[in-house]
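Colleague: Let me begin by handing over the structure; questions about it come next.
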Amino acid sequence: MKTLLLTLVVVTIVCLDLGYTLKCNQLIPPFYKTCAAGKNLCYKMFMVAAQRFPVKRGCIDVCPKSSLLVKYVCCNTDRCNN
């Protein structure tokens, strides 16, 4: 009985992921990385002249402002920067 209870506690801890971390796509979407502590946004960066293809993707702490040449799109859920 104690073994069953211990197993349930361990499974619960693993499933809850107590130290939640964000996962963001890298430049090639099938590949993603787990963001470091404090990096709570995913981002996608485009060149304004060619918005069809992102130049960079990853984790970031603050979403940068877009400029005349570069556009940033940020989000805060797992792998949302497709």
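From the backbone N, Cα and C atoms, a Cβ is placed for every residue, glycine too.
Copied straight from Swiss-Prot:
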type     : residues    : note
SIGNAL   : 1-21        : signal peptide
DISULFID : Cys24-Cys42 : disulfide bond
DISULFID : Cys35-Cys59 : disulfide bond
DISULFID : Cys63-Cys74 : disulfide bond
DISULFID : Cys75-Cys80 : disulfide bond
Colleague: What's the CA-CA gap between Cys74 (disulfide bond) and Cys42 (disulfide bond) in angstrom, rounded?
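Modeller: One finds 6 Å between the Cα atoms of these residues.
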Colleague: Within 10 Å of its Cβ, which one of these disulfide-bonded residues (Cys35, Cys42, Cys74, Cys80) has the largest number of other Cβ atoms?
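Modeller: Its Cβ has the most other Cβ atoms within 10 Å: Cys42.
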Colleague: Quick one: of Cys35, Cys63, Cys80, which disulfide-bonded residues lie within 10 angstroms of Cys24 (disulfide bond), measuring between C-alpha atoms? Sequence order, please.
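Modeller: Those near Cys24 (disulfide bond) - Cα within 10 Å - are Cys35, Cys80, in sequence order.
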Colleague: What residues, ordered by sequence, lie under 8 A Cβ-to-Cβ from Cys59 (disulfide bond) and sit at least six positions away in the same chain?
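Modeller: Residues satisfying the criterion: Leu22, Cys24, Lys33, Cys35, Ala36, Lys39, Leu41, Cys42, Tyr43.
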Colleague: I'd like the number of other C-beta atoms within 10 A of the C-beta of Cys24 (disulfide bond), please.
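Modeller: Excluding its own Cβ, Cys24 (disulfide bond) sees 24 Cβ atoms within 10 Å.
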